[in-house]
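Novice: I am attaching a structure below and will ask some questions about it afterwards.
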Amino acid sequence: MSTAVNVPSAVRPADKRPIASFHPSPWGDYFLKYVPCDQVTQAKMEDEVKKVEEDVKKELRKLAKAVGKPLELLNFIDVVERLGVGYRLEQEIEDLVQAIFDNDKFGVDEFDLYHTSLWFRLLRQHGFHVSCDVFGKFKGRNGRFKDSLASDVKGILGLYEASHVRTHGDDTLDEALVFTTTHLKAVVTNQPNHPLVPQVTHALMQPYHKGMPRLESRHFIAFYEKDPYHDKTLLKFGKLDFNLVQALHKKELKDLSRWWKDLDMHAKMPFPSRDRVPEGYFWTLGPFYEPQFALCRKFFLQVFKVTSIVDDIYDAYGTIDELTAFTKAAERWDRSCLDELPEYMKVSYASLIDTFEEFERDLAPQGRSWSVKYAREEMIQMCRVYYQEAKWCHEKYSPTCDEYLEKASIVSFGYNLGTVVCFLGMGDVATKEAFEWARGNPKVVRAAGIIGRLMDDIGSHHFEQGRDHVPSAVECYIRQHGVDEVTAQRELGKRVESSWKDINEMMLKPYMMPKPLLTRILNECRIVDVIYKGEDSYTFSNTTMKKNISHILTDPIPI
């Protein structure tokens, strides 16, 4: 697996450093100061949530048995999931959606636009390959969606949300996305007082299917509370659970902030690295916010942070000679290599080894220490790819866009490593076969990498090109095809959408791997869509990122 590392002929002076400037995190020690509630209060919160949960389960069972109430059942399932409490009723919901799919007499042919769209989206999101021909009844003789639908704002919004679960060949959904986007924008402009305008505005910015589940739940709770027909029990369930889980997240973030502060990595680096623990934890909540994934979050955040420093070393400080030594040391993965590294690199290298050894200790009680080797191999591969990009920058080499995506950039975004690390804390569902599959760079992992890499490059290329840096996908595309920046971004955006179709196909039955593992990959794509939509809100974390962290990690929701 190891590849030789050769020093390229110098083009840029070997000791010139491409130093970047990163602002400090706006959060400081905010989460370190968090004081968890006492055990009595915690137990009371848990008991209250369980009590309401039982009431919701009773209502769900009642709706499942009711004859002639398919719309109520669809709406109930959707609200439960959008409130963020679907994980508490996961098996009940799976069984009901299976029954809906199996029921030829469910009545979808008689549904209006909103409920047809809801039926379609729910089934697709639960893995059922239902045909988009079901929307044919809303088209005119010309084969296009009827303009008369424009007055049905709720229905248009539902169709818009459904269009984002499209796969390759779903031409009707491609048409639906264009049609609904046009009409929803008109609603915002021409009907600013329409009660659905806040929800429409949010959806146009962040489609539900591509949104970070935890953040989307926070927004939906606010929208649902203003719905005059909301179910009070469901709303209470969503709020109570949100606050309970938020308390857990804040306790975890406090502990992880202490871990990072004790490492003192930021102070030990001779350059301004991205000191982003709350931001990194926010990213971690993308793949898994549910309480049972605490170990997954610990692993992901710790790898995220130590890798972020390594990334900054390759990308924003190290000379080519230093990076050659670091890459060789990474390939050997041995503490004896410390003597061969500059002082500042010793700190980062030692933290890498320490972190992965800690993972082995954490997983030893489960008999799963063996799985850490897969993450370690991906970390080594990441260093090789970082080095490849550093050589390109050093040699002033501009790869074609295809070469850039194929040889380096997809891996350097971290999805291959991130996917394997996601699997580490998942328990027995993450078999050796699953790790081998993930390390084999399957189509879906490549698609996720393309989404991440291209969205990152589109959002950050102006900042990155303000210093010595490998060309982004935008620059590579411009040079390869002789187009302007706007055209390059539009064409790369099409590749992002095509990759999303690959992701959506992955989530349809029969699953290539257990669904819990595939969901982590889907959720990684979702968090990237949130963080890199139009900007790099991880690097520049004092605007959109700060607002999003505030939404889900600061104040509880008033009951």
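Cβ atoms are placed via backbone N, Cα and C, with glycine included.
Pulled these features from Swiss-Prot for this protein:
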BINDING   Asp311, Asp315  Mg(2+) 2 binding site
BINDING   Asp311, Asp315  Mg(2+) 1 binding site
BINDING   Asp456, Ser460, Glu464  Mg(2+) 3 binding site
MOTIF     311-315  motif 'DDXXD motif'
Novice: Counting by DSSP secondary structure, give me helix, strand and coil numbers for the motif 'DDXXD motif' (311-315).
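Specialist: Helix, strand, coil within the motif 'DDXXD motif' (311-315): 5 helix, 0 strand, 0 coil.
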Novice: Please report the number of other Cβ atoms within 10 Å of the Cβ of Asp456 (Mg(2+) 3 binding site).
Specialist: 23
Novice: Using all protein chains shown, find which of the binding-site residues Asp311, Asp315 scores highest when you count other CB atoms within 10 A of its CB.
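Specialist: Neighbour-count leader: Asp315.
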Novice: How far is it from Ser460 (Mg(2+) 3 binding site) to Asp315 (Mg(2+) 2 binding site), counting Cα to Cα, in Å?
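Specialist: On Cα coordinates alone, these residues lie 14 Å apart.
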Novice: What whole-number Å value do you get for the CA-CA distance of Asp311 (Mg(2+) 2 binding site) and Asp456 (Mg(2+) 3 binding site)?
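Specialist: So the alpha carbons of Asp311 (Mg(2+) 2 binding site) and Asp456 (Mg(2+) 3 binding site) sit roughly 14 Å from each other.
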Novice: Under DSSP, is Ser460 (Mg(2+) 3 binding site) helix, strand or coil?
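Specialist: Note: Ser460 (Mg(2+) 3 binding site) is helical by DSSP.
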Novice: Looking only at C-alpha atoms, tell me how far Asp456 (Mg(2+) 3 binding site) is from Asp315 (Mg(2+) 2 binding site), rounded to the nearest Å.
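Specialist: For Asp456 (Mg(2+) 3 binding site) versus Asp315 (Mg(2+) 2 binding site), the Cα atoms are 14 Å apart.
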Novice: CB neighbours of Ser460 (Mg(2+) 3 binding site) within 10 A?
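Specialist: Around the Cβ of Ser460 (Mg(2+) 3 binding site), 20 other Cβ atoms lie within 10 Å.
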